[in-house]
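Annotation comment: TrEMBL describes 185 as N6-(pyridoxal phosphate)lysine. Feature annotation from TrEMBL assigns active site, proton acceptor to 185.
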Ligand code: T4K
């Protein structure tokens, strides 16, 4: 019997019939975009759910990152991690900013605060860390450095929807945090994203920037972009929000199952949840060491041959792509931990509907 393919993730979707009334409302009032009623309602509900003061919805996270940098007028050099999805650094290049890569911490796999200071120059204006896999950066240490050197902090929080620390939402740290609501994320609006900010004035500036810079019919205050989320996506978000707690709970069960079944397999380690009070179980990365009998790429191939489409997030490192690799900070010697991690990571499938028998099938393959 042919076994079904398993993908690294599958989007959670509400029952189709529950979406129809939302569509009906859009058809009735004929407001399709430009900050319509669903857009406004989703911003309000997300603020409440996430425990943040202000949120600006976007068409996707990448445009939101580009806009976040514009909003704070960042230029010159920005310190960032090479261990992320390319969108993090691409948002800098789109603004004519030079990314300065700094190595990651071997435990959290996030930007290593101990290595940031050495990378600061007179041109440095900001730090752009990533809460990789939804695990919090060392936010206190990063803020201390930013305060000492008068730098802004923009978190790429694409993976961090719903993550709470001891003090509340992780998204409240830094000057801005940028979320992704892409199909592959824990909370999806098909495509989508958002910037979390802390005051009404910044929200207003971001709202202008995402709408071409328009303030009113005849006033344009900045060279803005079109980054608005449409009413269909916002409606999907409202519907998704109703079931988000149950989706996160199911992810937690999958995460716990993996941890239990993978225990004792020599050469395989799981990433530990360190800084979070409430995790979101967005990804399930494992790291392979020399004790494992196969190389990372052999295991990757073996799993793909069996129809289990694991992914090597984040290999290759961003600093290895042609538009970055000539930069001095992209040198191998500067990024040893990131290279080691990128060469040993595999992200296992994790999503709310992943069944127990699938998890067993995945772990059995790893166990060999
Ligand atoms: N910053 C960080 C740290 C990020 O990780 C990302 C995106 C961004 C910024 C930018 O966010 P957005 O601008 O996209 O909002 C995926 C996603 O496209 C990307 O959003 C995500 N990170 C990245 C980590 O993963 P791919 O190229 O691996 O996606 P893809 O199409 O291969 O999908 C992976 C698997 O998911 C498929 O094998 C099957 C499943 N899938 C995917 C889609 C799109 C579905 O079942 N249904 C779907 O509709 O990049």
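Each Cβ is built from the backbone N, Cα and C atoms, and glycine gets one as well.
Annotations in TrEMBL come from automatic prediction, not curation.
Applying an 8 A CB threshold to same-chain residues 6+ apart, the list for residue 185 (N6-(pyridoxal phosphate)lysine) reads 158, 159, 161, 282. Taken residue by residue with DSSP, the residue listed as 'N6-(pyridoxal phosphate)lysine' is part of neither helix nor strand, so it is coil.
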